[in-house]
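*Asks:* Copied straight from TrEMBL:
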type: DOMAIN; residues: B:396-646; note: domain 'P-type ATPase C-terminal'
type: TRANSMEM; residues: B:427-445; note: transmembrane segment
type: TRANSMEM; residues: B:465-484; note: transmembrane segment
type: TRANSMEM; residues: B:505-528; note: transmembrane segment
type: TRANSMEM; residues: B:548-565; note: transmembrane segment
type: TRANSMEM; residues: B:577-596; note: transmembrane segment
type: TRANSMEM; residues: B:608-632; note: transmembrane segment
Amino acid sequence: MEMDGASSSASGGAAQAILLTSRKPRVFYRFTQQNLPACRPALTPTLIITIFLLTGVVFLPVGLVCLRASESVEELVLRYDTECIPEIYRSNKVAYIKDVSISKKCKLNIKLRNYMKAPVYVYYELDNYYQNHRRYIKSRSDQQLLHGLQQKDISSCKSMESSNGLPIVPCGLISWSLFNDTFAFDVKGGKLNVNRTNISWKSDRDHKFSKNVYPFNFQNDSLIGGGKLDPSIPLSEHEDLIVWMRVSALPKFRKLYGVIEEDLDAGELLTVHLANNYNTYNSGGKKKLVLTTSNWLGSKNNFLGLSYIATGGCNILLAILFALIHVKFPRPHYDTSHLQWNKRGSAR
Amino acid sequence: MILGLCVVRGEMKVILKYSRCLAVCHTVLPEGDGSSDKITYQAASPDEAALVTAAKNFGFFFYRRTPTSIMVREANTEKMGSVHDVTYEILNVLEFNSTRKRQSVVCRCPSGRLILYCKGADTVIYERLAGGNSDIKKITREHLEQFGSSGLRTLCLAYKELSSELYEKWNEKFIQAKSSLRDREKRLDEVAELIENDLVLIGCTAIEDKLQEGVPMCIETLSRAGIKIWVLTGDKMETAINIAYACNLINNAMKQFIISSETDPIREAEDRGDPVEIARVIKDSVKQELDRYLEEAQELLRSPYGPKLSLIIDGKCLMYALDLTLRVSLLKLSLNCSSVVCCRVSPLQKAQVTSLVKKGARKITLSIGDGANDVSMIQAAHVGVGISGLEGMQAVMASDFAIAQFRFLTELLLVHGRWSYLRLCKVITYFFYKNLTFTLTQFWFTFHTGFSGQRYYDDWFQSLYNVIFTALPVIIVGLFDKDVSASISKRYPELYKAGIRNTFFTWKVVAIWAFFSIYQSLIIYYFTTASSRNAHNSSGKIFGLWDVSTMSFTCIVLTVNIRLLMACNSLTRWHHISAWGSILAWFLFIFVYSGIMTPRDRQENEYFVIYVLMSTFYFYFALLLIPIVSLMGDFLYQGIQRLIFPYDYQIVQEIHRHDPEETRRQLLEIGHNLTPDEAASFAVARLPRETSKHTGFAFDSPGFESFFASQAGVFAPHKPWDVVRRASAKSKHRTSKN
């Protein structure tokens with residue numbers, strides 16, 4: 001790093017002499033004359049090796065910490081979309097799920113491999129479900145969620161704004177397609193309590209969904225998309241709706257269902273009573289149930305830790321490689337033989 | 001300015017005629033009162049004013065002009081010390097133009113005699129001389145050659161006594177021609193031809209047209225920078241060759257190809273006077289010579305240590321060489337030559353030659369000139385540079401850049417031109433890169449939305465990305481980036497060759513930027529999405545689309561701004577302020593934007609998003625990881641490129657890495673420790689330009705530099721070179737390079 005003075009034209013020198021008298025013009029002069037002091041970083045081999053080594057040395061331990069945090073999380077995944085359909089209906093799943101007369105109750109058993117410390121989070125995971133489709137995302141009215149029926153213009157909820165001539169609260173495709181599978185858990189000792197409050201972000205609950213707006217005319221049409229809402233409970237307390245309406249980024253996503261606030265022992269047999277109501281069979285989607293613990297870095301995801309470790313490792317390797325190149329084929333800085341005009345001889 | 005005055009046979013009468021001719025035959029206007037030291041002359045060309053001033057110094061002081069007369073205060077004509085005013089009645093003025101190349105005045109002397117005074121180019125005058133008196137012609141011819149070869153501009157003076165009936169007859173025709181409505185110019189020329197014959201030679205004048213300071217040095221530097229220099233001048237061939245020698249354009253080691261119209265066959269044809277035949281003969285000989293030289297040139301170029309080549313061609317031949325059939329061979333030959341001198345060329349030909357190189361050779365051309373006759377050439381070239389000097393402002397008005405002296409061309413091209421090129425390349429490629437990176441993340445997202453076209457980013461992010469978050473830093477780079485300092489740029493003119501080869505803006509360069517922007521967008525998109533599928537804090541809550549996209553956008557703003565700092569060769573505080581300021585601006589924006597809800601019916605997607613994000617550890621870990629991984633590719637490339645395939649400027653940077661840079665103190669000292677030469681040219685450069693037009697001969701105004709210094713409040717002692725000859729500020733150089 002060096003400090004670059006300025007150009008050295010003779011006329012510039014004298015002109016500067018004139019302008020040096022006061023400070024303000026000098027700063028302005030150096031700005032307009034592009035003579036500002038500058039540091040000129042030169043990418044020397046030493047600097048390159050140092051930077052690679054430094055990032056490597058920092059990244060490896062960070063990666064290890066992240067990976068360890070992620071590994072310490074206990075996660076159980078259970079796919080239930082096929083298993084919860086009786087054998088006779090397996091060839092025609094769509095007909096089964098659409099037929100309201102058939103009970104959708106279903107019982108599955110999971111054996112816990114390891115001890116799970118409370119709180120244990122219950123997620124449902126959908127795959128191939130395009131919550132990020134453009135027309136789907138657009139179809140909501142944030143003003144209606146705040147002001148209810150007072151909000152007259154709900155044209156943004158297009159295709160699901162009213163039924164039977166009355167507006168729908170909450171309107172739009174997103175709320176219409178509310179996920180409505182339910183899960184209940186039994187252990188040997190009896191029923192496990194699943195706490196379904198405080199599963200949404202507080203900011204959504206407090207500011208985006210009003211305490212004074214109640215569901216109205218919801219799922220009253222012939223075409224029912226998903227879950228129904230109790231019209232006597234305000235929107236801000238329908239936390240499953242709030243969770244559902246924070247749309248996911250990718251077609252494969254998890255959403256929080258509830259929290260089990262008891263420790264689960266290793267080897268314990270968990271019975272899941274679920275109502276398989278939600279239709280993902282049209283689009284060939286998958287439904288999974290996820291039980292997981294959590295720590296300061298969230299739930300299980302090795303990606304961050306692994307990429308830290310990989311980057312750190314790569315950088316250290318590159319540092320060594322650069323050092324080898326530098327030792328083997330050094331290019332001294334004072335060596336002018338690499339200059340193009342010295343290589344080819346001056347052109348005519 | 002008058003350097004030589006040739007008077008044959010030092011007879012008093014001839015000297016009188018000579019001076020009288022100078023004092024009478026011109027179109028100069030005097031300004032100021034009639035005293036000889038206060039008068040200034042207004043002239044179309046500085047040469048003319050110089051000649052009138054010369055007459056003044058010889059005792060023929062032209063002090064007043066009326067529409068019909070010229071008043072001259074003649075001193076010492078009859079006996080020493082006598083002074084009397086003489087009024088010459090001007091009957092006709094036959095004005096100068098470039099085809100006539102001469103100028104005549106018909107006047108009536110106080111004694112009643114009618115005399116035509118004529119001055120003009122030697123070739124034109126000699127054609128029109130009366131027979132006899134071969135001595136004076138021969139001696140004058142010799143002198144002309146001498147003057148020409150020492151680089152002076154020459155004119156011949158001649159006169160003719162007219163009988164009144166001859167004059168009356170001619171004058172009728174002249175008046176007719178003058179009042180004709182069609183082809184007046186042509187007819188005037190024809191009429192003038194009738195009377196401008198059988199002239200008697202008086203002598204010749206020679207005017208030194210001094211080269212500006214530092215021209216040879218500048219030309220040498222430019223040719224080291226890979227710039228080919230062509231001289232296009234109206235001067236005679238001898239003069240032009242001399243100037244070319246003086247400027248290091250031609251030297252004795254060079255093989256010179258001369259195509260001249262001054263050969264015997266052509267002269268013979270001209271004597272016969274048939275214009276069709278003249279044209280045929282010249283064209284044939286030009287064709288022959290071009291073919292012969294081209295063959296020779298190719299042979300010489302094949303031998304590894306052959307001499308450098310130079311081509312010298314005069315205007316008449318050039319006229320035929322520029323013909324469609326010969327143009328190609330002219331171009332081939334001249335591109336093989338390291339220097340080309342075209343002399344006796346008209347303004348139109350200058351422009352033709354320039355566009356020949358521009359269009360035919362597809363090279364970048366720059367024209368530089370100071371006179372009105374360079375205007376067309378300046379406009380024809382890619383880059384036109386005007387020298388603001390004695391010859392008026394026309395060239396400057398027509399030009400893209402105006403400089404005060406020829407030698408500043410080094411500074412203009414090698415320093416500012418090269419910097420501009422580097423900056424432009426950087427700014428363009430960077431713009432391309434930053435938008436590609438940003439847009440590609442959106443593109444990858446499209447594949448995961450069922451191709452529905454859902455936007456990955458909030459509308460405001462997209463709108464403000466180019467307006468606020470990445471706008472200022474690239475402007476700063478466009479203003480301030482320097483690879484090497486100005487002095488080093490001039491010390492290594494070869495660095496300029498990178499620009500000629502367009503090293504920094506090839507498809508390869510763009511492809512590399514594009515490659516890395518694809519890499520970065522993939523990293524940014526997939527790293528954020530892959531790492532955000534699960535919960536990110538201990539309360540198990542999940543991110544939505546807008547959380548993920550805000551994370552991505554934060555990474556992009558960081559990556560793109562830091563990438564710019566990595567591309568800089570010099571980092572001033574403005575670089576840091578703008579780049580880190582842009583990143584800060586993004587955070588300020590998102591803090592405010594996430595904190596408010598508008599009363600309008602719009603999607604409040606971003607509400608609270610950044611606070612939710614920043615409440616997780618994940619945000620900070622990702623923010624450290626993703627930009628670094630994205631930039632690692634570029635960093636690796638830069639490292640390998642510099643270590644193994646360094647650019648020239650990088651090597652020069654390294655050579656001068658530990659040089660004590662010229663500090664501000666040293667710069668100031670340079671200002672005071674000029675060599676006399678430098679100081680003189682510095683003073684010349686500082687002369688006020690407004691007054692320069694009016695002064696002709698010598699500029700006797702002592703203390704100019706100290707005058708300026710005292711105005712600026714700095715004391716500067718008087719220096720010997722304060723008396724600056726205006727002549728030295730003048731240039732006679734028009735070059736065109738490719």
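Yeah, the Cβs are placed from backbone N, Cα and C, and that goes for glycine too.
Where the annotation comes from TrEMBL, it is an automatic prediction and has not been curated.
A description of the local structural setting of each listed feature is requested, covering burial, neighbours and distances.
*Replies:* A Cβ distance under 8 Å defines the sequence-distant neighbours of the transmembrane segment (B:465-484), meaning residues of its chain 6+ beyond its ends; these are 419, 422-424, 426-427, 430-431, 434-435, 438, 492, 495, 557, 560-561, 564-565, 567-570, 572, 574-575, 578-579, 581-583, 585-586, 589, 649, 652-653, 656.
Through the fold, the transmembrane segment (B:505-528) approaches residues 424-425, 428-430, 432-434, 436-441, 443-445, 548, 551-552, 555-556, 559, 563, 622, 625-626, 629-631, 633-634, 637 of its own chain, all at least 6 residues removed from its boundaries and within a Cβ separation under 8 Å.
If one looks beyond the transmembrane segment (B:548-565) by at least 6 residues along the same chain, the residues whose Cβ comes under 8 Å of a Cβ in the stretch are 430, 433-434, 437-438, 441, 456-458, 461, 465, 469-470, 473-474, 477, 520, 524-525, 527-529, 532, 571, 575-576, 579-580, 582-583, 586, 590, 606, 609-610, 613, 619, 622-623, 626-627, 630-631, 634.
Sequence-distant contacts of the transmembrane segment (B:608-632), counting only residues of its own chain at least 6 positions beyond either end whose CB sits under 8 Å from a CB of the stretch, comprise 519-520, 523-524, 527-528, 531-532, 536-537, 543, 546-547, 550-551, 554-555, 558-559, 562-563, 566, 587, 590-591, 594-595.
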*Asks:* For the transmembrane segment (B:577-596), give me same-chain residues lying six or more residues beyond its boundaries with a C-beta closer than 8 angstroms to one of its C-beta atoms, as numbers and ranges.
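*Replies:* Result: 460, 464, 468-473, 475-476, 550, 553-554, 557-558, 561-562, 564-565, 606-611.
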